[in-house]
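Below: the structure, in structure tokens.
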Amino acid sequence: MTPTSTDLARTATTVLFVPGDRPERFEKAAAAGADLVIIDLEDAVAHDNKVAARGNVTEWVATGHQCAVRINAADTGHFAGDVDAIAGLGATIMLAKAESPDVVQQVAEISGSGVIALIETARGILNAAAIAAVPGVVRLAVGTFDLAAQLGVDPTDHEAMAASRGALVLASAAAGLVGPLDGVTAAVDDPDRISADAGYARRMGFAGKLCIHPKQLAPTIAAFAPTEDEVAWAHRILDAVTEEEETTGGVAVVDGQMVDKPVYDRAERILQRAQ
Ligand SMILES: CC(C)(COP(=O)(O)OP(=O)(O)OC[C@H]1O[C@@H](n2cnc3c(N)ncnc32)[C@H](O)[C@@H]1OP(=O)(O)O)[C@@H](O)C(=O)NCCC(=O)NCCSC(=O)C[C@H](O)C(=O)O
Ligand SMILES: [Mg+2]
């Protein structure tokens, strides 16, 4: 069965944005190899093009394409029109500047295809656990540019953004969601920068990244894939723990290190990701 945009949003590692007023780029975005494409109606679309962009999305989804759509924030004049145009189309909604669990719940109820909560304000970070727990929220994502602007820090400064990133990782895990999506890297032509950013996000507990250019996909995929050493370690753990030990619990020693249930679970997750 073809996965829906909701299925893709739950598990995507690579998510590629394309502006809603560039319909000639939608096909390129769909063919670029991202797990999920998000058509943007928010900051990448000029004010005068907002209504036309909604029409482009409607047409694209009506021709059977799976995608998500980023809609404008709840406190903007575009929000109600975006919700009316997109809800019920079968596209997952990404809500920009998600910060109120009540608003997220309203959007989730109307959407019918799940919501990605894009958290990019201080209030959103503080409410992240409640937002992640809203039924219909399928994923959290961080908008590092808006958040850094509000906090008065550099969005590329990992240290300055660490507490906010950590809050989203914890909120996602507590709600049983897959790890959140990290924010965009502005450099379109710098694979080393993308690798470094995506590798950092992965180590922080993120399970994917928002991308803005097809060139960013390959280094992102590589950075999120488990390394050969990790895969080999995971196989050694699974091989060493017998079926009986797996069901009855208990402890083994591999490579001189204690292995118990959480270690086994981590090894299993690494092998799942490797697939
Ligand atoms: C960033 C861009 C404006 C760069 O565009 P451009 O200079 O035209 O790129 P290239 O000349 O390198 O394009 C080469 C070819 O690749 C295609 N292309 C480029 N980008 C895309 C794309 N996103 N999807 C599909 N195809 C794409 C071009 O068509 C060229 O093809 P060809 O002609 O056949 O050679 C541009 O990449 C872009 O607009 N990116 C998306 C920007 C966007 O949507 N931003 C919103 C998200 S940002 C965000 O979330 C921040 C967050 O809110 C926060 O606060 O942190
Ligand atoms: Mg933003």
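Positions of Cβ are set from backbone N, Cα and C atoms, glycine also.
As given in TrEMBL:
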BINDING   ARG70, GLU120  substrate binding site
BINDING   GLU120, ASP146  Mg(2+) binding site
DOMAIN    14-214  domain 'HpcH/HpaI aldolase/citrate lyase'
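Sequence features, as recorded in TrEMBL, placed on the structure.
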residue : record                 : Cβ neighbours (10 Å)
ARG70   : substrate binding site : 27
GLU120  : substrate binding site : 24
ASP146  : Mg(2+) binding site    : 20
Over the domain 'HpcH/HpaI aldolase/citrate lyase' (14-214), what is the model's mean pLDDT? 97
Would you mind sorting out which binding-site residues among ARG70, GLU120, ASP146 put a C-beta under 6 angstroms from ligand 1? GLU120, ASP146
Here the Cα-Cα span from GLU120 (substrate binding site) to ASP146 (Mg(2+) binding site), rounded to a whole number of angstrom, reaches 6
Under a three-state reduction of DSSP output, how is ARG70 (substrate binding site) classified: helix, strand, or coil? strand
I'd like to verify something. Among the binding-site residues ARG70, GLU120, ASP146, which ones have a C-beta closer than 6 angstroms to some atom of ligand 2? GLU120, ASP146
Whole-number Å only: compute the distance from the Cα of ARG70 (substrate binding site) to the Cα of ASP146 (Mg(2+) binding site). 15
